[in-house]
Structures are given as C-alpha cells and as structure tokens.
C-alpha cells in the first residue's frame, strides 16, 4: 500500500514524463477490493468454515476430537435448546406483527396530508432506534421493576396492581417484546414512510374518481403497493429477532426458568460460560440453517412479485 | 358534516401520533433525570420529574466503579477508528465493484451478498479462538478488525458508486490522473452523502455493540461502554444513579450525531431497502 501511494502522490511526474503507471485500470479493481477481501477471508470466511468443522468436534482445552453428528443429536435431545427455539419463535410471531402494523399505522398517519411537522415527528419516532440496545434494556429494566417501577405505578393508578414484569415467565416475554417494539418501531416506520412516498399519487386520484373511500384505498392501493417494503421489514425483523441477545441478557438474563432464553443467548452461555465450543458451533449452525430458510422464502416471495 | 368529520380525523391522527411520540421520548427524559438523582430517588413514587442534584456524585462513583473516563475513551477510540477505516475499505470495494469489469468480480460480489445473510454469531467461537491464539484478548484490534469489511456497507457503497458517470473517470484518466488520485480526489468527494450514511451506520453499530466486546474484553481497563454497563448491572448491589448516568453517557454522543446528521441516518437505513 505504502509504495503505491508515494507514486500516486506525485502527479506532476506523470504529466512530465509519460511514464508507464504501475496501477493500470486493469489492476486497479484488484487493489481496491484487496483490503475488503483479505479481511473477509480471515474474519468471516475462515470462521464460518471453521465453525462448521467445530460443530462435529468436541473441544477439551486445546484438544479437539471428531465426534461425528453427536453434537447435533445432543441438540435434538436438549430441552433448553428446544425451549430457546420455542421462545425465539414465540417472540418472533408475536412481536414482529405488532411492530410492523404499528410502524405502518404511524407511517400512514405521518404521510397523511393533514399532518404538519412531519420531519419533527419522524425524528422523535426514530430516536429509540439510535440508542444502544443495552441502554434501552437497562432503562426498561428499572421502569419495569415490580415494586418500584414507574410502569407498575402508572398501572396502579388505573387499579392494575403488581404485574411481575421480569419475574413471571409470561410477563418476562412480554417485557422483552415491549422493549423490542419500543426500540424498533420507529426504524421500520421510516422505511414504510419512504415506501409510501414512492407510491404514485395518480393511483389514489384515479381511485377517488372511481368513488373509493379512504379505507378502500388503503387496502386496495397502499397495502399491495407496499408489498416489497413489507417483505423487507418482516424478513429483516425476523432475522434480527433470531439473533436476539442484548434485551433478554440484560432484562432477565434468560430467566425466569429459561422463559426468555433465546438461541443466541443459549449459544453465548454454552460457548463462553461452559466453553463447549463444539456444541455451541452446532447451535450456531442451526441458526444459520433457519436464517437460510427464511432468506430463501423471502427470495421466493420477491421472485413471485416480478411475474 | 364533512368538515367536522375531517376535524375528528385530524384530532384522531394527532393524538395517536403525539401519544406515540411521548412513549418514544419519555424514557430518554426519565433517563436524563435519573442520572442526576440518588439511587433511592429513582424509585421514588410518585416519580421525580425534575433533575436532582446528584450528578457530580454519580459521576464520581462511576469513575470509581468502572473508570468512566477511560471507558468512554475506549468506546470513542474504537468506534471512530472502526468507522473511518471500514468506511474507506467499503468505499474502495464498492467503487471497484461498481465501476470496473474484472475477472472474478461478479463471483466475489456474490460471496459478499451471501455473507450478508449469514448470522454473525456463527463466527463468534472461531474468532474467539483466533483472538486467543493471537494473544489479542483485551486489545483494541480484537474489537476493531473482525468487522472491518462490512458486507452491508460494501453493498451500499456499490449502489451509490453506480451513479458516478463513467465519463468523469475516463476524462481524468486521459488527463493523466492515477487510479488512486481519481478515487481520492474525484470519486470520494462526489459520493459524500453515501459515505456519511455508511459512516453513521458503522459508528452506531460499533458504539452500541455488546456481544463481541463482552466476549473479548475481561479487563476493566479495556471495557467499552456497553460492556461496562453490563458489568454494573451484574453487581450485587446496583447503584442506579450511576447506572442511569452511564446509560446517559452511552446515549448522548449518538443523539448529538443523529440530530446533526439525521438526513444521512435515514438515508443510510433506506439505502438497504427502498431506493429513493
């Protein structure tokens, strides 16, 4: 790198003597991609492959022995792993629709011609999406305290007493969903808003000439036109939820009784609390498999859209 | 009738939006207030809604417990270095993929697209083993290097580099400018908005990152803010005034960046989804 820069830093030289350049347009792209590719080979490609091999090994200290599929067969008999899969999917199936419809509603509200100060609203709604997940989780952990938390205080004003937000299995899941929804709704809303702005306005004009009301227009024009944005947000949220870690790690540490243990949290504990690298790699590969299936479904859905 | 209906709709939309905004913003306000209160006051009911007087003490105890100045420096140094280098690397790669036809180019770009879909968790254990064997635990490079080549950033830069007209590059070549010179003094200035969007994205990701630093850092000296905060939460007796100040300090830099550059924030996100 260093040598190359010295040459290019002397442009006058080039113009005086039309000397042959070392960095020809033919070689240039390879030089430009080299840093990215080298880094990816070392820090992504190698670990992905190495992790695959690890998932068939048992690691004791520095000793690694091949154990065939036994990590995987153990996974299928591991109740905590099943629990973490189930939890992750429960969170996903409940949280993603709530968040996506909320995001869409807010976006439609903001997009409406009646609303002024759209930029200001957009900034305010987007604020949670810039905070560290850990900061959000900590703040909510305090807000959701069973005895002294503000949330239960407000609820008590309406006669609802003592919800065990972080200590009952049901409410602990609800808390994780609450924090995720707070953190990500604005983010998805911004994406929907941009999608709404891309819908040609003559579609609506034509519809209102035909006598279609606002509600009809929403279901006949807005929703179908937003289909690609829908797919994008749902898939991104799904993949994000599959990797959920920070919120349950801080809020509940996976408890009570593993009610909020997620796949990634279980992977972290297996790998870095119990140092079972082989087993943790098998967990990671199940995660890869699930993500691949979801991405494949997404490609199918988008592909159908092109027809 | 129509006008009163309209008015009702307007009131409906506005109250929905305003309640949403309050729910989005209130936790921030409460966190700021909390950073100026004593631990006990934070749990006072009804809640204290105005700042207290304990800010200096909270800072003092945060210095004693986690060495907040060093921790803040660690976070800032790591995030800034990471942002500058990874933005540059992805701009270079994006430029090559967008503006050159070369053998293996399509194949390499396909690999990058594929790695977008691979959950990063799968690399954690081999990367950890690698850091151990390099003797890199508790170092800045352990946090900075593994994520430097970010597929999403490369993808985003490629999309934006496509818009640069080939004629400009050709003209500069005819005038005798070298390839690096073209990249640094013509291409980079032209794609400034995209660079800003990528840089913000990378900064935010690194500044907020918890899992990887949690694995590689175990000496207090080297903690980043998220790791230090999680260590505070893990203590037997949690001092919540301290914790609130810590979360405030972890949040303020991002808020400032966001308010200054909010257009770029949002275009960075949209770059990955819908084309504007």
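For all residues, glycine too, the Cβ spot is worked out from N, Cα and C.
Where the annotation comes from TrEMBL, it is an automatic prediction and has not been curated.
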What range among B:45-65, B:108-128 does TrEMBL record as transmembrane segment?
B:108-128
What parts of the chain pack near the transmembrane segment (B:182-204), using Cβ distances under 8 Å and only residues at least 6 beyond its ends?
79-80, 82-84, 86-87, 90-92, 95, 150, 152-153, 156-157, 160-161, 164, 168-169, 172-173, 254, 257, 261, 264-265, 267-269, 271
Stretch among B:12-32, B:108-128, B:140-157, B:240-261 sharing the most Cβ pairs under 8 Å with the transmembrane segment (B:71-96):
B:140-157
